Amino acid sequence: MRKAPLLRFTLASLALACSQAFAAPSPYSGMIVFGDSLSDAGQFGGVRFTNLDANGNYAPVSPMILGGQLGVNPTELGPSTSPLNPVLGLPDGNNWAVGGYTTQQILDSITSTSETVIPPGRPGAGQVLREKPGYLANGLRADPNALYYLTGGGNDFLQGLVNSPADAAAAGARLAASAQALQQGGARYIMVWLLPDLGQTPNFSGTPQQTPLSLLSGVFNQSLLSQLGQIDAEIIPLNVPMLLSEALASPSQFGLATGQNLVGTCSSGEGCVENPVYGINGTTPDPTKLLFNDLVHPTIAGQQLIADYAYSILSAPWELTLLPEMAHTSLRAHQDELRNQWQTPWQAVGSGKPLSPAAPRTWISTARAGASGDGRGYNLTVGGSYRLNDAWRLGLAGGVYRQKLEAGGHDSDYTLNSYLASAFAQYRQDRWWADAALTAGHLDYSDLKRTFALGVNDRSEKGDTDGEAWAISGRLGYNLAADSSNWQLAPFISADYARVKVDGYDEKSGRSTALGFDDQARTSRRLGLGLQGSVQVLPSTRLFAEVAQEHEFEDDRQDVTMHLTSLPANDFTLTGYTPHTAPDPGEPGGKP
């Protein structure tokens, strides 16, 4: 019987209690845009409906910014029907939005004909500069792995097509029809703006039309949301009116000017009152301090806010689907600590023996495919065993595990406390040995803080939730050397099954950026081969080491169903984390 104190180094699970892996920064194959001037990338000879920068170039619109954040090729984000493209030999892009488009023209650009036509109120109004078949014309199909981005509705109001609640509801339904057409053509992920409050724009603020237009904007959005909820696709609504109202209520938090009329003034002075301080001819020209460039279009500040808002929603699953993985990491760390304890010498038959209290502390950093994070973990394991006879030893163990994970580019912070209990059995006869454990526990996600960029500052949304975990694991091995030998070498096979469930929760702020998440469940089924060895290095010291290779059979992509807490009836499911089939040492597994 071995009675020497033990030193054990397990290569297969080093730092397992704190490591994490990250999903790719974009699961989308591309980005295709439809809409009006709010998203127009330059159909009219490169003109965009936002401010000029310091070099005299047009600032990007929100889908161009979002596409860059998602890693989409800039060429693909360009205009689809610009008359300059064929003249200059430039390829058409995937942005089909055209300034002046009504909801009917947006639908036509998808299903029949895309026209770059001079909008009403402009010189040459009605002249078609270029036309081409619509995106899905001639039987073409949408890309189910691409992100589709849809804006529209404002021009139905500006061009006099909406004069009553019935007109507003019909316009909202027409915009939803564009999303429906994309879904029927094969699109799966469709992001749709809610119409901004037209009463809160320089064009109508302070006029008799302000209140009626605010009410009609709301009717439009109610109709739009109702119709979107009936489409069999992942429809991602953007609550743009709520976001902009937050910016107007607390401008300094968004980098906007304080003490200025952000609704009644604009940057360019084109048709509206130019801001005397930050307008283009003001004392300190700076479009980033203003929300509007002209009567109805946002500056780069507004475009950036909306792009960041959209990205915060799309990127949330890449972090939140790691919550079950944190629990699986705790389970594996607990199982490894049990195996560590099982290397201690067996006590006499009919007697008990406490486990050696263990409280390791570890750190690890990872960086994958543009996402990075740092994890750290602490745990405490206690318990004891009882030897039934020469061949069997039984025991109980409990463990408390605390993990903190910082994820993403803005250091989101997630904390998990795991409370695990195990019953285990060990067997040895001649040179054969085996062990098995059944584990169950409670998961306390006490502090979940998702942090993301929103304009010039970061914003955090907080929540908490609970969960449960259980697992069964076993090993069977054979010692190649006699028990009395100074060295041991034992090949083994292993099998593990674990299941984690994380309860759904809502982030608590009630703001436009707050999200709600449904329950998540993640199962792990692993088989492994390994080699365990030990050597007596000193009379009182034996060194243990282990190497193992496992295969994960549950390697499907992890998705999460979510919703904006401000729009709870419109949920959608987005892509998150994908486990490795063969976890790296020190990781629960993850591949970009």
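Residue positions begin at 1 at the first shown residue.
Keep in mind that glycine also has a Cβ here, set from the backbone N, Cα and C atoms.
What Swiss-Prot lists as active site, nucleophile is Ser37. If you look up Swiss-Prot, you'll see Asp294, His297 marked as active site. Residues annotated as domain 'Autotransporter' in Swiss-Prot: 334-592. Look at Swiss-Prot and you will find 572-592 tagged as region 'Disordered'. Among the features that Swiss-Prot reports, signal peptide is placed at 1-23, with the record citing sequence analysis.
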- Query: List, in sequence order, the same-chain residues at least six positions removed whose CB sits under 8 Å from that of His297 (active site)?
  - Reply: Ser37, Leu38, Phe49, Thr50
- Message: Neighbour count, 10 Å Cβ-Cβ cut-off, for the residue listed as 'active site, nucleophile': what number do you get?
- Response: 26
- Average pLDDT across the domain 'Autotransporter' (334-592), rounded to a whole number: 88
- Tertiary neighbours of Asp294 (active site) (same chain, Cβ under 8 Å, six or more apart): Phe49, Pro202, Cys266, Ser267, Ser268, Glu270, Gly271, Cys272
